[in-house]
């Protein structure tokens, strides 16, 4: 079997998974597809890849079990929450907030309230402050540009207006920071729930977990696209790119994560997510020209320290 579990170190698998998954905020913004089509591309790619390696006898016995169906429902919700969060936040910020899920794992596992959780709240507060400062700075810049435009000639004003219209009406939606934070927190919560569902479904072939996680979601979204006559959109060339990238990034990354989740305790699994936070900022600066700020660094460090100081189970 590809990525044979017998020779793969679970800690290394987790690091590889986090590095791949931290590309998702970039991928979601760069691919010019609607949310529903991005989700469908991901579901198709995961199912196609996993179907090559699954144990069909196990799938037949587990497919309609309550645990498998609950896993599928949680996973589909997780995909929507995470994509909406990634679309509305900077890559580093979104992935840093998403990586509160290790603490949610510990909380769900029965670890009572601890002062370390206050660090997470402080980190979120720093992100909010950073966004407010960035918005204030952007507004000041817009006012300065507006003053220059008012002093321009009529023909210059027309040109500037046309340029502004082109920039605003480029087909992209204006990000909503608070909405993005809420979506990413829900994505983190559902990720923590997925961790426990994976451990409930006992199988040595972790492609079985991938297949069970995505099959019912794929069927539901495919039916929706047919019902709304929106299925023709899959013929767009970029849909093929989305399916291909999902096939590599998603299927491989989640196989590695499911393998790690089944072989690592919560106290070891949780801190290995730190690597994804670092890589998300690197990817954001390289691909989206995102800028670091002290608030982003401070907020991320708060979440990192919170994970490091977490209560041990």
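Using the three backbone atoms N, Cα and C, a Cβ is placed for every residue, glycine included.
Segment annotation: TrEMBL labels transmembrane segment over residues 268-286 (candidates 154-172, 268-286). TrEMBL tags one of the stretches 118-142, 143-167, 193-217 as region 'Disordered', and that stretch is 143-167.
Checking the ranges 239-256, 293-310 against TrEMBL, the transmembrane segment annotation falls on 239-256. Most Cβ pairs within less than 8 Å of the transmembrane segment (103-129), among stretches 6-27, 39-58, 177-198, 268-286, belong to 177-198.
It is 239-256 that, among the stretches 39-58, 210-227, 239-256, forms the most Cβ pairs under 8 Å with the transmembrane segment (6-27). Across the residues of the domain 'EamA' (179-306), the predicted structure has a mean pLDDT of 86. If you look at the transmembrane segment (239-256), the same-chain residues 6 or more away from its ends with a CB under 8 A from one of its CBs are 3, 8, 13-14, 16-17, 20-21, 23-24, 27, 31, 33, 37-38, 41-42, 44-46, 48-50, 206-207, 210, 213, 233.
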